[in-house]
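Everything below concerns the one structure shown next.
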Amino acid sequence: MKHIAGKRIWITGASGGLGERIAYLCAAEGAHVLLSARREDRLIEIKRKITEEWSGQCEIFPLDVGRLEDIARVRDQIGSIDVLINNAGFGIFETVLDSTLDDMKAMFDVNVFGLIACTKAVLPQMLEQKKGHIINIASQAGKIATPKSSLYSATKHAVLGYSNALRMELSGTGIYVTTVNPGPIQTDFFSIADKGGDYAKNVGRWMLDPDDVAAQITAAIFTKKREINLPRLMNAGTKLYQLFPALVEKLAGRALMKK
């Protein structure tokens, strides 16, 4: 992965979980990592580790991507960017009846509008240099919705639709667009999404290792890879859903209602 050595890679949601792992892998390969998240204390810790273990170049830019007015300010502070990894996001698993409009707005602000705003912020420079890569972390939930994930699935459907259209718009510009569609990953995501722990327990055997997911994402940088779909068996399920939606909804609905 020496192809990313010296490249400036902006990672949102970098204070833990998948974003943190991606930052370490990129730094280990000599990339100049630019980290954003709300938790400045965690960003400081991650920067210290990168500096000590890999003598890596790392800068931190605290940011809540749900606050769209702050994105342009941080973008100006960062300077040039070769790769944007839109990783920031969260979910709340509730029924449609029990979910709130505040939850809906918060999820769309971060998962969708924040992602779009960060992308728009880097595009002019990438177009000028005729090279770049935008990697959007979506989800298998963006391909197949399940009970209690209506709002979260809606945000990830939006990310996939946006990314697919953007990829076509940027054809021939030298800018790649990749979406990452993982199933459940063993991270802090479920401390918010699934406070009772029932869903994590129910899908435990399908849980992905964040280090493995991060490795696949990092390896895809500056390739024309359209999508990364994980795990393979769950991705096969989404393809089956496209062919037999009623059957899959009946079977999956029963199993996944335990969120």
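For all residues, glycine too, the Cβ spot is worked out from N, Cα and C.
These features come from Swiss-Prot:
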- 11-35: NADP(+) binding site (BINDING)
- Ser139: substrate binding site (BINDING)
- Tyr152: active site, proton acceptor (ACT_SITE)
Spatial separation of Ser15 (NADP(+) binding site) from Tyr152 (active site, proton acceptor) - C-alpha basis, Å: 21
Those residues of the chain, 6+ apart, with a Cβ under 8 Å from that of Ser139 (substrate binding site): Tyr152, Ser153, Lys156, Val159, Asn181, Pro182, Gly183
Packing count at Gly19 (NADP(+) binding site) (other Cβ atoms within 10 Å of its Cβ): 25
Ala31 (NADP(+) binding site): secondary structure state under DSSP, collapsed to three categories: coil
Secondary-structure category, per DSSP, in which Ser15 (NADP(+) binding site) falls: coil
For Ser15 (NADP(+) binding site), the number of other Cβ atoms found within 10 Å of its own Cβ: 25
